[in-house]
Amino acid sequence: MANGGKEGLTPEAARSLVDSVDVFIFDCDGVIWKGDKLIEGVSEALHTLRSLGKRFVFVTNNSRKSRKQYAKKFSKLGMEIDEGEIFTSSFAAAMYLKLNNFPTDKKVYVVGEEGIKEELKLVGYESIGGPEDGRKSIQLESSFFFDHDRSVGAVVVGLDQHFNYYKLQYATLCIRENPGCLFIATNCDSSGNLTSLQEWPGAGCMVSAVSCSTQKEPVVVGKPSTFLMKFLLERFKIDVSRMCMVGDRLDTDILFGQNAGCKTLLVLSGVTTLPALLDPSNSIYPDVYANNLSHFVQLSSL
């Protein structure tokens, strides 16, 4: 679209985008739902695009759930989405380890929730930490020594509503003291639509804490990293020029699509507002933007 997505969406631009795309890659939080509430018109919009022969991929940076758990969430919201169409940052972390031949005799320490642990288990890796360590605490007494498992070969950090000082110290010791220990971040989102009414701190807050403590930068496997996109292209044999990334965040979703060279659609139903998009300080512009997914599909039908 003219001016790099700074102008309002027209029916002509919407139709042109739909006609030029075979595969739509959808973010979930802020695009499909907010928290556990489906965004109005999404189900109908997806049905319309399916009827036009479009293929779907759902890519979320939210690592709290596994692909199987997300398939159940879609079903609960009235949409039957195949698990094979869903790609989470928790799955990306597991695949990163597998594709890089991470030894199965090494353990993974998880700063995050069950989604990460479940995906790691599915590819044959033993993990420790996660929600269980959210109930643990540290007594900072002069004679106290904090021990950790020396067989941990990777630390995976994602969104963690049970994040605490115990987990921070455990992850720090593994990364600092275990030779060759990997530091992997599912994503670095600063915030997210974890409920329907508010934004909440994102995984980037936990990642930043571990990065500050260890003075090391992680390998990021979620959006906007190219790792997940390369995996999608391999898995689906998709022509990148016939793909469109649909998201509500400029610095993850839209940048993710742009880094891969595919088309981009920003929806204003999540994190990014119109003033933020048009702010002179913003340097990331989608090809087109719409109020929400339903608005885009409706315009493309006019």
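Note that Cβ sites are derived from N, Cα and C of the backbone, with glycine treated the same way.
Going by TrEMBL, these are the annotated features:
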type	residues	note
ACT_SITE	Asp27	active site, proton donor
ACT_SITE	Asp29	active site, proton donor
BINDING	Asp27, Asp29, Asp248	Mg(2+) binding site
BINDING	Lys223	substrate binding site
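Close to Asp27 (active site, proton donor) in the fold, though at least 6 residues off in sequence, lie Phe58, Val59, Thr60, Asn61, Lys223, Met245, Val246, Gly247, Asp248, Arg249, Thr252, Asp253, Gly270, each with a CB less than 8 Å from its CB. Each of the binding-site residues Lys223, Asp248 was ranked by the number of other C-beta atoms within 10 Å, and first place falls to Lys223. All chains included, 22 other C-beta atoms sit within 10 angstroms of the C-beta of Asp29 (active site, proton donor). Those residues of the chain, other than Asp27, Asp29, Asp248, with a C-beta within 8 angstroms of the mean position of the Mg(2+) site C-beta atoms are Cys28, Gly30, Val31, Ile32, Thr60, Gly192, Asn193, Gly247, Arg249, Asp253, Val267, Gly270, Val271.
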